[in-house]
Amino acid sequence: MDEDSKPLLGSVQAGEYYTDSLDSKQRRPFHVEPRNIVGDDVQERVSSEASALSSRVHYYGRLTASSDRLLVPPDHVIPSPEDIYIYSPLGTAFKVQGGDSTAKNPSIVTIFAIWNTMMGTSILSMPWGIKQAGFTLGIIIIVLMGLLTLYCCYRVLKSTKSIPYVDTSDWEFPDVCKYYFGGFGKWSSLVFSLVSLIGAMVVYWVLMSNFLFNTGKFIYNYVHNVNTSDTFGTNGTDRVICPYPNLDPDGDSSTLQYYAGENSTGQVFDLWWSKTNTIPFYLIVLLLPLLNFRSASFFARFTFLGTLSVVYLIFLVTYKAIRLGFHLDFHWFDSSTFFVPEFRSLFPQLTGVLTLAFFIHNCIITLMKNNKHQENNVRDLSLAYLLVGLTYLYVGVLIFAAFPSPPLSKECIEPNFLDNFPSSDVLVFVARACLLFQMTTVYPLLGYLVRVQLMGQLFGDHYPSFLHVFILNILVVGAGVLMARFYPNIGSIIRYSGALCGLALVFVLPSLIHLTSLNRRGELRWPSAVFHGFLVLLGVANLFGQFFM
């Protein structure tokens, strides 16, 4: 067994006995005679035989290296699962309840865990992405990008299995990259993983500024009974607005969305409550202190809000589509006053967004370790991707189809489709308020992941000092403030960061690792080399397409 090369006892802090979530591969116990087991009665001291065995196990653990099998205790020393206990330095032994099975998740939980992890801010940009690519081509691209990213994710999941004679049970994808490409592989995977995390934090800051602005504006108008009319939009109870109506079909004019979106509600209020001039700076007071917490466990308790927010968005999209109806007119290659062509040259903008929308490659190995039936990993991963793809298609297609054209042009669809609804819309206000609270709790988690990855590699400590952490947080928050102040276009931020991190972690590294593994085993054939080389070229083209389209 590969895991026999590990010491029988790992380091466990005294007083911490989370036996229900014990990983026996990390804290491998030894056998204790039943008469010495501690139950609900008064605790007894462990016998001298058990203590002697404990000392020998510690001794072997110090002598045995991770790859040295000479002094590994034989299998018959390891007790059966029902006789596994944890030895305490205090002289007592505690029985493990349930073993590994209680820590594993059934397939349905694993599938929805992947779905919930992938469902992020990209869902708000799906209608805009379809508009940029064209309705028909947009649907085709979503399907194809889902299949390509699924295959690359499958290659990441299988990458640890292709390494012979090494225990990879606790490896992550950066460890695989280091095994094949040395320090360059490890640091490249780390850098591009940080790009995805920091890019997500920047998008969150822009969106939180947007949501906080519209939420405060709704409350102010309601309290002061202010009736505002947006610059350009439809009439009726379910109003749809065009924040910047004079659009250039081939431009990226949505960066100017805030000029028409900030309607006059009062000179003093407008001066101190501005989407770009003041709100991004107000968020510093709230979020910068939260980033300096040593642990993010408190914020992890609110991760379920992400699922509730997505479910509410699906309800909102369905309700708006029913109320507005469908407005489609097919023009295959030529533009019209109110509609866009079915095939547009701006399609790389959608592929960039989708690269980040389908991105879960840097944590898929960890998520799948908790799957109860490991033989179903590929099936469960495929079903999760299918669910994610259907969710993106549902939101993107319904909002695009229901957007009222005429009187509004499809070009008015914003990178954040909630901006196409007035701040006075109650249902949209609820969506913005829920997303604001959810993002406020997730943002410190993303900052914690950035800190753990960067500080752990540079200093060997996740929290080297308050000064180190504070400087890092200032840099990350500063990036978010600058983007929210000068370039509040989440569509472009998502596509650039998605194409950049996707180049390495989605297309290049998984393909090169697979080809290298096949070559070392003497199994590399030209069809596989051509196909995976094509994936690498797609990743490069996807990145360059963001700058030239």
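Cβ atoms here come from the backbone N, Cα and C positions, even for glycine.
A TrEMBL annotation is a machine prediction, not a hand-curated record.
Annotated region 'Disordered' per TrEMBL: 1-34, in sequence order.
Per TrEMBL, compositional bias 'Basic and acidic residues' is recorded for 22-34.
Residues or ranges marked as transmembrane segment in TrEMBL: 108-128 (among others).
According to TrEMBL, the feature domain 'Amino acid transporter transmembrane' maps to 110-219 (among others).
Annotated transmembrane segment per TrEMBL: 134-154 (among others), in sequence order.
Tertiary proximity for the transmembrane segment (187-207) is limited to same-chain residues at least six positions away from its ends with a CB under 8 Å from its CB atoms, namely 120-121, 124, 173-174, 177, 181, 280, 283, 356, 359, 362, 416, 435, 439, 442-443, 446-447, 449-450, 453-454, 457, 476-477, 479-481, 483-484, 488-490, 493-494, 496-498, 500-501, 503-505, 509. The transmembrane segment annotation in TrEMBL covers 187-207 (among others).
The domain 'Amino acid transporter transmembrane' feature in TrEMBL is assigned to 275-537 (among others).
TrEMBL lists 279-295 (among others) with the feature transmembrane segment.
Look at TrEMBL and you will find 302-326 (among others) tagged as transmembrane segment.
Taken from TrEMBL, the feature transmembrane segment applies to 346-368 (among others).
The annotation transmembrane segment is assigned in TrEMBL to 380-403 (among others).
Feature annotation from TrEMBL assigns transmembrane segment to 426-446 (among others).
The transmembrane segment annotation in TrEMBL covers 466-487 (among others). Using a Cβ-Cβ cut-off under 8 Å and counting only residues 6 or more beyond its ends in the same chain, the transmembrane segment (466-487) has close neighbours at 198, 201-202, 204-206, 209, 255, 276-277, 279-281, 283-284, 287-288, 291-292, 447, 450-451, 454-455, 459, 493.
The list of residues near the transmembrane segment (493-517) in space but at least 6 beyond its ends in sequence, with Cβ under 8 angstroms from a Cβ of it, reads 121-122, 125, 149, 152-153, 155-156, 158-159, 162-163, 173, 176-177, 180-181, 185, 188-189, 192-193, 195-196, 198-200, 202-203, 206, 348-357, 359, 361-362, 483, 487, 524, 528-529, 532-533, 535-536, 538-540, 542-543, 545-546. Annotation comment: TrEMBL describes 493-517 (among others) as transmembrane segment.
Among the features that TrEMBL reports, transmembrane segment is placed at 529-548 (among others).
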